[in-house]
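What follows is a short report on a single structure.
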Amino acid sequence: MACVVQVSLAAVLLLPMAPAMHSDCIFKKEQAMCLEKIQRANELMGFNDSSPGCPGMWDNITCWKPAHVGEMVLVSCPELFRIINPDRDMGMVSRNCTEDGWSEPFPHYFDACGFDEYESETGDQDYYVSVKALYTVGYSTSLVTLTTAMVILCRFRKLHCTRNFIHMNLFVSFMLRAISVFIKDWILYAEQDSNHCFISTVECKAIMVFFHYCVVSNYFWLFIEGLYLFTLLVETFFPERRYFYWYTIIGWGTPTVCVTVWATLRLYFDDTGCWDMNDSTALWWVIKGPVVGSIMVNFVLFIGIIVILVQKLQSPDMGGNESSIYLRLARSTLLLIPLFGIHYTVFAFSPENVSKRERLVFELGLGSFQGFVVAVLYCFLNGEVQAEIKRKWRSWKVNRYFAVDFKHRHPSLASSGVNGGTQLSILSKSSSQIRMSGLPADNLAT
């Protein structure tokens, strides 16, 4: 189970590049090759079930060819351990073929290869299950919060502006990213085995293409948010509607081009498995390159906006003492970090074999809550949104009050099936007609 969870987590990451083949798939591939070698060796040596000696076997770590009694077999540490521990000097492991069968490996895998089977299985399983639970909760929370925020922004027409339209597109990209993660985990890694290593169907490849598109789109809409805010601060006359057209093309169009090119190249040059593993570094950079570029540009924009904010806060027109200026600057900076995705720069340019566990927790665990944080900061805590919700709430209470009051005063109309809204409309129209006719209300009453 630990290996399956590890594969699921590694496939979720876009940055840095996922390994060429995940650990359980490497073992599965080695096992298949081992069984073929054993079969060929049995044919060459004339071994069968009744032959004396030790039959070839796969011990879940490495392959042991058939041997005669008294023979010692030496094997090197598996290639996977060299990838995991590139700085460690790998040794050799031996087994003796005795009349009772194979002896225990000597030296132990831990001593020769730096691998403790029990510790690796239990420790990794608990760790990866915990991280998977963390990002599942994070994406679920973000999805619910973002959906609510989208309903609010779509429902109130007074909130329809270029700034909120960009926020809505960013919310959609976060929602698609969460949905794509759930679909990928459900389709590819639902079974607690490693059959996914050998899946190569059109459906699973389409899922991976959709997943990468959603992730890349999310990065690019974070970039659009930064670009929009920077342009708003720098330019005096800003044609927002014209710019929004180009923002939409960049936010959704550029990922379409990148993922389409990657899928086409993958189809012709590296059509292996379910496309969830990357054997070719060059092909992977078709996706990784634009994402790293957007992160880098967004970080530059973030620094530029902070400099502009410092200049504006220090101007005499702003007022306030030094401490209040720094407080407002700190608050503005903290608000911009989740909107710009600045936390992705922590590991974006670090070597891929450095701090793997910390990267998983930071980018997967904490990153899954980014949509929730963005929705709260830029919708639920937005003063404009709160004012509109309060206005609608007061309007609803007033309408409800008059509807109930009218029902009590005019039961004949209420029982006739005319609803409160219609009654209020009738009253308003009647009052307007009275005012237009210029007749006193007292005369009408008599």
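Residue numbers in this text run from 1 along the chain shown.
Quick reminder: no glycine exception, Cβ is built from N, Cα and C everywhere.
Annotation source TrEMBL lists signal peptide at 1-23. The domain 'G-protein coupled receptors family 2 profile 1' annotation in TrEMBL covers 33-117. The domain 'G-protein coupled receptors family 2 profile 2' annotation in TrEMBL covers 131-382. The transmembrane segment feature in TrEMBL is assigned to 133-153, 165-183, 219-238, 245-265, 285-309, 329-349, 361-381.
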Touch test for the transmembrane segment (133-153) and the transmembrane segment (245-265), at least 3 Cβ pairs under 8 Å: no
Residues in the domain 'G-protein coupled receptors family 2 profile 1' (33-117) grouped by DSSP into helix, strand and remaining coil: 25 helix, 21 strand, 39 coil
Model confidence over the domain 'G-protein coupled receptors family 2 profile 1' (33-117) (mean pLDDT, whole number): 80
Whether the transmembrane segment (285-309) meets the transmembrane segment (165-183): three or more C-beta pairs under 8 angstroms: no
The transmembrane segment (361-381) in contact with the transmembrane segment (219-238), cutoff 8 A, at least 3 CB pairs, sep 6+: no
